[in-house]
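Taking it in order: structure first as structure tokens, then the write-up.
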Amino acid sequence: MIEYIIGALGLIIASVQDFRSREIEDYIWIFLAVFGVLFAIYSSITLLDYSILINSISGFVICFILGYMMFLSGIGGGDGKMLIGLGALVPKFQMPIYTSLGTLLNLNYVPTFPIMVFINGIFFMVFLPFVILFRNILNGARPKTGKEFILMFFGEKMKVNVAKEQKRLIMGQNDKINFFPAADDEDFSKYSNNEEIWVTPQIPLIIPITLSYLVTPIIGDRILDFLIPF
């Protein structure tokens, strides 16, 4: 249980960092991974059960591969690193299993829990527009048109110099709004650095992952069972 609590604290801290600055400090996932392996060594020695250590190491290795694949796919690097930390910290945790996929993932030395947390987290991304809305409100964005009201859920309003640094795509300004900017919509030359424009959001995946981490011990793979019964 202590591993689960530490994992929850790490994810909450990472979520706050990601929400405020769109950056997750490396010390969080490193601490989770190191503590996970050290605690597994301690538990294996005291309980004379070395499968605990094997699970932690295999969880780290498998989640490292999955996290690297996420990075290559363009998904946030910080989110993949948190997966690595959780793989070493809580590779296994009690949760209900309803599907054949869940049964397959529940094999020995497969980090069932963190993988299911990330799978459920992807489904929880349906709530991300409300996270984006809340962040816009906190940043002082106020819609002046109907289009801007919609953008409160799907874009972010920020100064041009910040958007350039973060390599965002331009969605527009005032009534000239493009809800689906192309990859080359990053010509900021027509704006001054202090102007505020609407740009594409950087998806804070760590927030739905944190929510998933808290509820997955209760729901297991029930979402998969409901949406894709097999």
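Numbers run from 1 along the shown chain.
The backbone N, Cα and C atoms fix where each Cβ goes, glycine too.
Cβ contacts within 10 Å of D18 (site 'Essential for catalysis'), excluding its own Cβ and spanning all protein chains shown: 22. Annotation comment: Swiss-Prot describes D18 (among others) as site 'Essential for catalysis'.
Other Cβ atoms within 10 Å of the Cβ of D79 (site 'Essential for catalysis'), summed over all protein chains shown, number 23. Residues or ranges marked as site 'Essential for catalysis' in Swiss-Prot (evidence: similarity to another entry): D79 (among others).
Sequence annotations record features per position, and here Swiss-Prot assigns topological domain 'Extracellular' to 19-23 (among others) based on a curator's inference.
Positions annotated as topological domain 'Extracellular' by Swiss-Prot: 73-78 (among others). When averaged over the topological domain 'Extracellular' (73-78), pLDDT in the model lands at 65.
Annotation comment: Swiss-Prot describes 90-110 (among others) as topological domain 'Cytoplasmic'. Using DSSP to sort the residues of the topological domain 'Cytoplasmic' (90-110) gives these counts of helix, strand and coil: 6 helix, 0 strand, 15 coil.
Taken from Swiss-Prot, the feature topological domain 'Extracellular' covers 140-204 (among others), and the record attributes it to a curator's inference.
Counting same-chain residues at least six beyond the ends of the topological domain 'Cytoplasmic' (217-230), those with a Cβ under 8 angstroms from any Cβ of the stretch are 4, 93-102, 116, 119-120, 123. If you look up Swiss-Prot, you'll see 217-230 (among others) marked as topological domain 'Cytoplasmic'.
Positions annotated as transmembrane segment by Swiss-Prot, on the basis of a curator's inference: 2-18 (among others).
Beyond the ends of the transmembrane segment (24-46), by six or more residues, the same chain brings 2-3, 6-7, 10, 13-14, 17-18, 52-53, 55-57, 59-60, 78-79, 81-82, 84-90, 206 to within a C-beta distance below 8 angstroms of the stretch. Annotation comment: Swiss-Prot describes 24-46 (among others) as transmembrane segment, evidence class a curator's inference.
Residues or ranges marked as transmembrane segment by Swiss-Prot on the basis of a curator's inference: 50-72 (among others). With a cut-off of 8 Å between Cβ atoms, the residues of this chain six or more beyond the transmembrane segment (50-72) that come close are 33, 36-37, 39-41, 43-44, 79-81, 83-84, 86-89, 91-92, 108-111, 114-115, 118.
For 79-89 (among others), the entry in Swiss-Prot reads transmembrane segment.
The transmembrane segment annotation in Swiss-Prot covers 111-139 (among others) and rests on a curator's inference. When Cβ-Cβ distances below 8 Å are used as the criterion, the transmembrane segment (111-139) is approached by residues 19, 55, 58-59, 62-63, 66, 83, 86-87, 90-93, 95, 102, 105, 152-158, 201, 203-205, 207-209, 211-213, 215-216, 219-221, 223-224, 227 of the same chain, each at least six residues removed from its ends.
According to Swiss-Prot, the feature transmembrane segment maps to 205-216 (among others). Packing against the transmembrane segment (205-216) from elsewhere in the chain are residues 7-8, 11-12, 14-15, 18-19, 24, 75-76, 78-79, 82, 86, 95, 113, 116-118, 120-122, 124-125, 127-128, 131: each is 6 or more residues past its ends and has a CB under 8 Å from a CB in it.
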Other parts of the chain folded back onto the transmembrane segment (79-89), taken as Cβ under 8 Å at six or more residues beyond its ends: 3, 6-7, 10-11, 14, 24, 26, 28-37, 39-40, 56-57, 59-64, 66-71, 111, 113-114, 117-118, 205-206, 209, 213
Residue distribution over DSSP helix, strand and coil in the topological domain 'Cytoplasmic' (217-230): 9 helix, 0 strand, 5 coil
D18 (site 'Essential for catalysis'): secondary structure state under DSSP, collapsed to three categories: helix
Folded-back contacts onto the topological domain 'Cytoplasmic' (90-110), same chain, C-beta under 8 angstroms, at least six residues removed: 3-4, 7, 36, 51, 54-56, 58-59, 62, 116, 216-222, 224-225, 228-230
Distance [Cα-Cα, Å, rounded] between D18 (site 'Essential for catalysis') and D79 (site 'Essential for catalysis'): 10
